[in-house]
Every structure is written in C-alpha cells, then in structure tokens.
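Everything below concerns the one structure shown next.
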Amino acid sequence: MASCCNSLRLEGLISSSFRSSKRPSNAISIPSFSRLSTHGFPLKNNSFSVSHSPSFTIKASSSSTTIAEPEGIKITSVPTKPIEGQKTGTSGLRKKVKVFMQENYLSNWIQSLFNSLPPEDYKNGVLVLGGDGRYFNREASQIIIKIAAGNGVGKILVGRDGIMSTPAVSAANGGFIMSASHNPGGPEYDWGIKFNYNSGQPAPEPITDKIYGNTLSISEIKMAEIPDVDLSRTGVTKFGKFTVEVVDPVSDYLELMESVFDFQLIKSLLTRSDFRYNFRPLLSGNGRMGVSCIRFAFDAMHAVTGAYAKPIFVDKLGACLDSISNGVPLEDFGHGHPDPNLTYAKDLVNTMYSENGPDFGAASDGDGDRNMILGKKFFVTPSDSVAIIAANAQEAIPYFQGGPKGLARSMPTSGALDRVAEKLGLTFFEVPTGWKFFGNLMDAGKLSICGEESFGTGSDHIREKDGIWAVLAWLSIIAYRNKDKKPGEKLVSVSDVVKQHWATYGRNFFSRYDYEECASEGANKMIEYLRDMASKSKAGEKYGNYVLQFADDFSYTDPVDGSVASKQGVRFVFTDGSRIIFRLSGTGSAGATVRVYIEQYEPDASKHDMDAQVALKPLIDLALSVSKLKDFTGREKPTVIT
C-alpha cells in the first residue's frame, strides 16, 4: 500500500495516492489525483437523456463591489442575507431542487463553509468537486467553482460532467459532494450538498454546526467573475493562478480497488464456464427483460455507479456487458428512486427471484455509497452483510490479510457483527447513525470494517461507505469459497455462505419499517413521548411476553476525542436480546422519516429459515402499540419495509 500524504494543509497541489489507509486527522488535507487518465467516459453513451435544468447563474448585482483582482481575476462581494433552514442533517444539506434554486440559497451555504474554515486550510490549495449526476449538478458546479476561486482556492479538481461517486471523492481525501444520495432526482425532487473534511470523512458536527452558525449571519458572497467551465471534456482551464481540472472520475478509484482486492480471484469466478455460460432471463441495459449469458447482475439504477460498473466489472473482471443494467447516469435516474432496497430496486429483485434468475445480484444508490446484495431467491440483510464480510475478510480479501483491527456498527444495526467481533477477539464499537462517527476510530487505527443497516458497508480504505467495495467484497468471498471447485461441481452460493454463517453465529432476525415524509410535528411528538416513556421505565417491566432489560435514548461518547452525541434513538432492549428502536432519519429532504427497527436473536438453527416478518411479528406488533405510531403520524402502514 502506498504511503499517506504527509501534508496536513492544502498548500499548493499536494501529491497523493488513493491507496493510503493511514490518514492524518488533525487538519484538512485534500490532495489531488495523482494518476488521472483521459481514456473517456466508461460507457458508450454518456449523454443525459433528460433536458438540462434552466440556465442558472449568479451575477454581480448593481450593489456588488470589487474586492480584489489577483492575477487578473476580478473578485466581487455580492451582498446577501441569511436564509432560514440551512442546518445540515446526517449527511449534509438536503432540500428540494426548487429550494436550492432560490437566489443565493446554495451560494450562502458554500460561502458559509469557507467562512467556517481557517484560510490557511484552503488558500492556494486544492479541492475536489464531484456528484451523482442528478438534476442541477451542472449549474451548481459552476457556482461552487466561482465561489471557491473568490475565496482564494488555488485549484478545483472536478469529475467529468460533474460526476464522481462519494467513495471516489473520499478516496481523494475529500471536497464537495453534490448529491441527495438515495433520494430521487429531477426538477420536482431532491438535491444536496456536503463537504468531506480532513481524511475524506463527512465533516464532523463541530464543523457543520459552525457552517450553520455562519448561515445565520452571512452578509456577502465572494464571487470570482470568470466564465463557466466546460465540464464535458477532461483537461485544464486556467484563470490567472486559479485552475480548474476536469478529470476522469473512474481511473484512480479503480486502481484503489485493485490494491484492496484480488481481481484475478474475482475474475476466475466471473469467467468460469459453469458460472458464466447459462442462458437466463436478466435485466437488459434499457431496464427491460432480456436474455443474457451471465449469472451475475449489477443494477446501477441510472446513478453514478453506472460510470464505474463497466470498467470494473466488465473490462477488468470479465463479466458480460449485459450484466450491467441501468448503467447510464441520468439527471432524473430514469424516473426512478435510486435506493438499493427491496422496494425501489424492484426490477432487480424480481429478476433475482425469477425461476431462472442469476446467482449473484447487487445494486448501488445515487452517489454510490450504498449497496444491496442478493443471491438467487435470497436477500442478504445489510446487518448480516457486514458481519459476513468481517468474518471472511482475512482469508478472502488481501487488504485484510493481517486481520481487521476492529469492527463497528451503527446503533440500530443488528448485533450480528458483535458476535463476529467476540469470536475473532476484536475490539467492537457501537456508534450513532451517520458514517462520520466511524472516521475518528479509523484515523486512530481502531477500526477496519463497519456498516449500517441502511445499506451502507465499508472499511478504512476510505472514510465513506462504499457500494462498489461491498459488491467486490462479496464477489471475493464467493470466489474464494469456489476457487478449488472443478467445472461441474456444485458451487457455493450466496445463500450457502449466509446460512453457514448463521449456523456458526446464530441468526439475528432484523427488519426496518420506514414511514417517509410524515408531518414533522406528529413525528417529533411521538419521539418525545417515547423518550419520556424510556426515562421512566424500570428493568423487569413486562411488555407483552417480553421482559425489559433497559430503555434509554442512546448517547455516544467518542473514545478518541471525547465528543458526545446525544438523543440518537430511543431503545427498548429486552432480556432475551430483542430490541425495538425508534429514531427520526436525517437523510430526507422534506417532512420527517420515522424509522422503527426490530431485532430478535435466534440461536436455534432449525428456525433460521423462517421469514423475518413472521419471526418478528410479535415484536413488530409491540413496537407499533408502544409507540402509538398511528395516532401520532396517521400512518396505517410503512412506506418501505426492509
């Protein structure tokens, strides 16, 4: 593995390698790409099929004043006023597109970010800019570039067409990410922006709190008066000492993946005759049913991983081209909802559960940091997925050949990973929901593999969850289990791997009920009601057939820096290990999303094949009754069940 960049500040064009897993944590460091290829966009058709959003620019008003002209660049001070509602959630600022298109809405937030950082952290330095290709990204890119230049940034590295996955931006040690993640895109839907700090992790709460504080007092935007940059072609554009470099978004991330995984091992699986040449129904590139020669399927959901799928899975690993469905990034995600779960990735799910479906299926979300893993007629829960990757990592993935350093999960995620950590003798951490909470542990060398039940899985190769990484990890496990199988022998399948894991560790039945876009008032009242109930509860109290061990509102103290995150979810934990958890999600753009998590541990192998909804029904009924969810929200049933 290449060594980490030594610079802790953004001073000039900092050379770096994507391969580093040891990253400084005490200052911002956002180096450039070091090996940028220009071989072109990886898919034959990289044009967007929907019309661009209306022309949207920030122009200096009559009251704007020139504040500097460094090296011929005119920088003006554009007067502005604070705009309400710019507090970031779990993963940045997310609103409807029309909100961001209001005058100065995006500009205020970007300027507030620069106002929140010490000038030495970005002056004459390098920032990365990327996004998931959604509607408004092109216009937003130009705004961000001009404000960055106006604040003295030396260079912006931007993915071609503004496209770069969240994991790829993190691998470059961070910058701006234009994405609303798994939320839908288009003129009537969602847009988002976040800033990845330090070693590529989402900006921690002290930074986001400072940004929000500055949005409440902002009075000017520093804007460089430069023309829009052509983002459709790789290359360098200079304005005095300020430089914009449009880069291929795939090549360095691909090189990182090659340094983590044994690509030859994976290729040996995807190209073996008894895994490949079986004619089966599969999603074609246009999303309709077709005929293909593969038993591997990846649905990019018309999102950012469409740019990465062909060069990785097809060109490098030998999968059939038809194995990639919905592989062209579109501004509206093909009118779809780019959330890789059983509800929104329905076409892939139907294919995998068909009579002659593939043996391995996967999908990723809008910005490429989430994943879903499927076997033939078999769904792998995200909680099980991270536990199984951790249990098999040392033998199947070269990056972990010395063994993982530690394991962690978000609090609502099932306890399956806990049991792996105990068996392997590894340090284990339970953190609040939000990938930013894993970053300090990674930088301190305490954590290697982690995951969230919300379809996020990753490791310390970067500081974000990583959808492609998770798919490659699973392919590595399946390939390793089958490496000695002769042609014609029965191959170890996804379901075989999961069931063998359950036989060793027991099964944690798990489900999550999402109630999206609830009225905020009712949702908040429900959580307050549950907090009050938890605070008054006592161990030993009966809840139907369950005996309470404890109930609380989860609080977390970071073992590295001592920071405290409180009110992270109301938990009811019972003596048999079962759990019911209630929290409000911070990843939506409108209203409130109520999430209810239900978990029950089952050591008896004879019961492992039960349907999770059947096994969990008593707990589900208890959760709905205890919370009075219908009374508070008016909802009869969840939007999504996973």
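Our numbering is plain: 1 for the first residue shown, then up by one each step along the chain.
Glycine is no exception: its Cβ is also placed from the backbone N, Cα and C atoms.
Look at TrEMBL and you will find 86-219 (among others) tagged as domain 'Alpha-D-phosphohexomutase alpha/beta/alpha'.
TrEMBL lists 294-374 (among others) with the feature domain 'Alpha-D-phosphohexomutase alpha/beta/alpha'.
Annotated domain 'Alpha-D-phosphohexomutase alpha/beta/alpha' per TrEMBL: 383-503 (among others), in sequence order.
In the predicted model, the domain 'Alpha-D-phosphohexomutase alpha/beta/alpha' (86-219) has a mean pLDDT of 93. Each residue of the domain 'Alpha-D-phosphohexomutase alpha/beta/alpha' (86-219) gets a DSSP state, and the totals for helix, strand and coil are 53 helix, 33 strand, 48 coil. Residue counts for the domain 'Alpha-D-phosphohexomutase alpha/beta/alpha' (383-503) under DSSP, split into helix (H, G, I), strand (E, B) and coil, are 60 helix, 18 strand, 43 coil.
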